[in-house]
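Working notes, structure below.
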Ligand SMILES: C=CC1=C(C)c2cc3[nH]c(cc4nc(cc5[nH]c(cc1n2)c(C)c5CCC(=O)O)C(CCC(=O)O)=C4C)c(C)c3C=C
Ligand SMILES: [Fe+2]
Ligand SMILES: [Fe+2]
């Protein structure tokens, strides 16, 4: 089924008043369908990115095309089938919903029309395509917000590459700002804490709270990637904000790929160990993901739930990502307006609540 990638959140603009400023949200990207055929080109682009896998190109090309792309697409497609919705991939649906809510919020809060658009780092709509389109529509100021709270060269760094590539193709690039990370932004930490507390208020509280972040190879951290430090800082800020200590709020890393050691402790080993220690109900949140996706809905809520039960636990309860909730829309709107300081379009509108 063909689908349109022409996501435009143009509320607050009109033809006679060209939009001058825009926010471009960028998320990872996701396959077009939960089939091996659709997952293959997605994985080829993602795992072919030297920011993600830094092996010598010729060697990696042989491994990727000779082995990985023969086996993994079918396995990943099966995982995607477990979470696919009538509207499509949760990552796409959730990112589009967040962009639409942020558009509404900024239209209310900002002095002049500000456009919100969404791009995907891998797949469609691509970063260069969206920047080129915004430019055609008259945007002269662009704020890029990668939807990764913690900076990693493998995620945020790769978005920066794509933005740079887009800039190279323009004769007159827009004025550009880019948010590197928001891992310790007070409004973001507050949004996370409130979402967990609100979830506890309706579901009750488990015996422990585990924060599971996407992993990366440990070597990348040794070589200077600040990702681990930023995950630790987010965790510590949440402990402070929620009044929890290291025994009540734990942290681990999920989604390991390949043979190199990744950041530890691993999430799957941690949930098994907690069950073995006698924990029966475990709450898990994934603050590294702005919107729910394969890694939260399938890997945590399904796979790790099963690991926890096999090891003797009763229930691993996944606390949803911030998604398009007022908690997240409010904290991201404030973040954007702060980073756009000095750009008149983003100044608070007189009498606006934000
Ligand atoms: C939160 C930030 C992310 C970092 C850092 C990250 C690093 C990273 N990922 C892989 C390999 C895979 N990741 C996959 C899925 C995936 N990863 C992120 C985010 C980060 N990855 C998201 C949001 C998703 C979900 C996508 C979706 O469609 O829902 C996958 C694909 C699925 C699979 O086949 O398992 C792979 C592969 C590496 C190698 C890496 C750092 C080196
Ligand atoms: Fe990933
Ligand atoms: Fe995974």
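Yeah, the Cβs are placed from backbone N, Cα and C, and that goes for glycine too.
TrEMBL labels come from automatic prediction, so no person has curated them.
Bear in mind that the values here come from a model prediction, so they are computed numbers and not experimental data.
Taken verbatim from TrEMBL:
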type    : residues : note
BINDING : 214, 295 : Fe(2+) binding site
Query: Given the binding-site residues 214, 295, which one is most crowded in terms of C-beta atoms within 10 angstroms?
result: 214
Statement: Reduced DSSP state (H/G/I helix, E/B strand, rest coil) at residue 214 (Fe(2+) binding site) is strand
